[in-house]
Structures are given as C-alpha cells and as structure tokens.
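Everything below concerns the one structure shown next.
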Amino acid sequence: MAHTPQSSAPITPRQMSMAPSPYITSAPHSQFHSPSMSRSPLLSTPDHPVPSKTPTAKTPSRTPNFISRNITPRFLTPLGSPLRKALHLTKLNPQDAWLPITESRNGNAYYAGFHTLCSGIGIQALVLPVAFTILGWAWGVILLSIAFVWQLYTLYLLVELHEDLDKGVRYSRYMQLAAATFGEKMSKLVALFPIGYLSMGTCVALVIIGGSTCKTFYQIVCGPTCTSKPLTPAEWYLVFTSVAVVLSQLPNLNSIAGVSLVGAITAVGYSTFIWTVSVSEGRIPGVGYNPVLTGSQIEKIFSILNAVGIIAFAFRGHNLILEIQATMPSDEKHPSRVPMWKGVRVSYTIIALCLFPLAIGGYWAYGQLIPTSNGGILTALYVFHGKDTARWLLGMISLFVIINALSSFQIYAMPMFDDLESTYTTRFKKPCPWWLRAILRAIFGYFCFFIAVAMPFVASFAGLIGGISLPVTLAYPCFMWLKIKKPKAYGFVWWLNWFLGIFGICLSALLVAASLYVVIDTGVEYSFFKPT
C-alpha cells in the first residue's frame, strides 16, 4: 500500500563512522532491533534507548549468541557494499533472546499459519448463529461479511507495521506498537486493558468451555447406563487446567507450533462436523427466522448492537499477530511480512470456510430455537440431535473441542508468560531459570482456574467482550498506520483509515453500552463458585 516515507529521525545513526564501535553489532538474519525491554514488554516503548552492552559487572553472564561478536567487517554485506542500509547495524537488546515470544526466531509461513488459524477460530465461532437470531438472514450475512473484510484489512496493516526498515525496529508486541503510536502513557489507558483482557479473559473462558466439555465427553463415552460417580464441574475445570499447565511448560512461541497445528486441525474438524450434522439432520420442527426484537425502541437497538458485538467477538486474535510475526527471521532482503502475510492469507481462507457455514448452517437448522448461551450451536446439537447422532461422532466433536481449547490456551497465555518473565529479566539482568518459569506458568494457569470457578458466568458476556476488544482489532491498526506510515493527506488511504478508526471507536463504545444494558435487562445468573 502506497505511503510516504517515515519522516522521524531513526533510532540508530544512519552513517557509519570510520572506526567501527565495539559496542554496536550487526543484526543477523533473524534479528532487527526490538524496542527496549527496560520495562515490561506490555508497557515498553521504542523511544526508550537500548542499554549499552559495555562489559561491566552488571553484564549478564549468559550473553545471547547473536551478540557474541563485537565487530562485523563492513565489506561483509549482501551487496558487497559498505552502505549501512544494506547491513542495518543496530544495537540489540539481549532481553529479546530471554523472553518466550522472541526467544526463537526460526518461524516460517507454516508456523504463522498454524498459530493464526488456532487463535483465529475457536469456541467464539459457536455463538455466531445467536447473532443471527437478532439480525435475521440479510443483516446477519451482510454484517458478518463486512466484519470479516474489515478485520482482514486491519490484519494486513499490522503485518506491514511489524517492522520499520528505516529505523531497523521490529515491534514484536502489540503494546510496543501502541506505545510508538499513542505514546507510553496514552497506550496504557487505551490499549493495556483490552489486550490483557483478551489474553487472560480468553484463557478463563477456555477453562470454562474446556472443563464443561470434559464433563459432556465423559457422559457421552460412559453412556446412559453408566454407574460410576462423575466428577463435579469444578473438578473437571481442574483436570482441564492441569493438562493446560503441563502443556504450558513448552518454552517459547515457536515451540508450540505443533500444538497450534493440532489445535487448528481440531478447530476445523469440530466446526465442520457441527454444521454438517446440523444441516444433514434438517430443520427442526417449529423453526422460525423472524428476528427476535421485543420491548421499547431503545431495547431493540441495544439488542441489535449486542448481536454486532457477538460478531466482533468472533474475530478476536489480532492482539497476537505481531507476537506471531516476531518468531520469524527478518532482514532487509527477506522481510518477515512476506511469509507472514502468506500464512495469514491461507489461514483466514480456512477460517472463512468454517465461520460462514457455522453461522448460516446453524441458523438454518435451528433458527430462533438455538440456545442463546452456554455453547450456542454446540449445545443445540446436543439438545436437538443428541439421540439421533451416533455416540462416537458426538464424542469426537467433544474431544476436538477440548483439544482445541487446550491448544488455544497456550497461544493466548504466551503474552502473559512473556510479561511475567520480563519482570524477572529486567530486575536481575539474566534469563528466567526453568524452575521459576514453571512456577510462574503454573500460577497463571491455576489463577485462571480460580476465576473460572469463582465466576462461571463469564462465558455469557460474549457481546461485552467483543465490544471491549473491537478497537484492538478494527480501530487501533488504522491509527497506527496513519501515525507511522503517514499516507498522503486527504488521499483515499488517509480517508479510509480515519473513517474506519473513528467509526471503530464509536462502535466499540456503543457495543459496550448495549451489552451492559442487555446483560442487566435480561439478567445473568451470578452463581459465584457454582460452576455447572
């Protein structure tokens, strides 16, 4: 996409002095300078200077391999030229090699596709038919299509914004890019809570969905004549969390590529099974398609906005895109955005082939009779076709949901692991030891378990979650493009990003207000410490 060159001064000098400095090292194929980790990575800003690598007593004893050489000969460039732009010398931050997101830079387009597909499709897709009960056929399909195209465009913006070749900077975390755009203080106000809420809130929801599905899977396998005493819902939550904590011991984002692949396959599998079985069984008796809009005009408007929030919730995951791209090698000749966008295109093509049939096929099969909470179309399948469908197929669908929830937990928890470990590395100037890493991840996992048991009704707030996370997905990337890329003023791209950014912020405020009103008006059973 065309844009004017970045006008701000680069972080590192553009001209090389006659005598190369021993404190500046060349960026290898896998590294551009990432913004300073002098603070938590969720709060860091690229404008903060990088600590000098002078050999003092405070220098970490375990220096990463990529800064082991002090001087790189100026004639060793891809073009055989002493031009600094070709070599892109940068001061590298050793903390990038100590944190889970940037510890490994060996990713590729396949890994990017696995992570993106696993994070982009999941349990949130199962409630899409619920939005259609409010919007109806026409507006349901139209708004779902608009949301898909809109979020795909902002996804492209984030992929392009990940690295700034003029500055030699890689924004390896969403908050780093937000700080570069809005400033450190403002980014804490507008982006920190939605990003943290998406990561931890999604993990809590996954514990609830995964634990509940474990209970359903046991009942299906055991059968109606089973006499063994089943576990309580809280105990099933604990079983799910314990398995998730064991998987979370994989060290970094690249190391869970296989887990994401399994999660992606199971997500596509259960999505396809659910809508295929629902459609093949035919429409249930008494199904209707008239939108359910009751009450005053304000109540109808808020119900429609809440349905839009459910659609927005289906497209969360943009807060992980920069982190996923950070696992890939990058240099000036082979920037990471090329394989990243290739992986994103393929994964979102598959996501579209799952989301649209789920929403349209589910609404066609169940219409207004689809349960509006507790699983959406998955619950409808169990309720209306539990006796007509083969038990092995229902068991496989439940097993796929559990495996996908375990896999999604890993990728959504990784930014939180990264933030926790950065506190240690910042304070002690050395990598986090394996035993402390294991403890921190276990604490996070069981804290999510505690919240899931204490507030099992969190899964009922899909519209609210969608409203809160909407700016991260649909609005902020537009403002980031305007600030960093500086497109031609009053041009098409300039107007497009201003419109989408402002409209996204306004829509988010309306969705949050509408979701809160609907929750208060319809009522939610606040069963604290009583999971079902």
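All positions are counted from 1 along the displayed chain.
Any Cβ shown, glycine's included, is placed from N, Cα and C.
Because TrEMBL annotations are produced automatically, they should be read as predictions rather than curated entries.
Record features, source TrEMBL:
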REGION    1-68  region 'Disordered'
COMPBIAS  1-10  compositional bias 'Polar residues'
COMPBIAS  23-43  compositional bias 'Polar residues'
COMPBIAS  53-68  compositional bias 'Polar residues'
DOMAIN    106-520  domain 'Amino acid transporter transmembrane'
TRANSMEM  109-131  transmembrane segment
TRANSMEM  137-159  transmembrane segment
TRANSMEM  189-209  transmembrane segment
TRANSMEM  234-250  transmembrane segment
TRANSMEM  257-277  transmembrane segment
TRANSMEM  297-315  transmembrane segment
TRANSMEM  346-366  transmembrane segment
TRANSMEM  392-413  transmembrane segment
TRANSMEM  434-455  transmembrane segment
TRANSMEM  461-482  transmembrane segment
TRANSMEM  494-520  transmembrane segment
Report yes or no: does the transmembrane segment (109-131) come within contact of the transmembrane segment (257-277), defined as 3 or more CB pairs under 8 Å with a sequence separation of 6 or more?
yes
Compare 257-277, 392-413, 434-455, 494-520 by their Cβ pairs under 8 Å to the transmembrane segment (137-159) and return the stretch that comes out on top.
494-520
Stretch-level contact, the transmembrane segment (392-413) and the transmembrane segment (494-520), CB cutoff 8 A, at least 3 pairs:
no
Can you work out whether the transmembrane segment (189-209) touches the transmembrane segment (494-520), with the criterion being 3+ CB pairs under 8 Å where the paired residues are 6 or more apart along the chain?
no
Are there residues at least six beyond either end of the transmembrane segment (257-277) with Cβ under 8 Å to its Cβ atoms? List them, or say none.
107, 110-111, 113-115, 117-119, 121-122, 125-126, 247, 250, 347, 350, 354-355, 357-358, 361-362, 377-378, 381, 385, 389, 393, 396-397, 400-401, 403-404, 406-408, 410-411
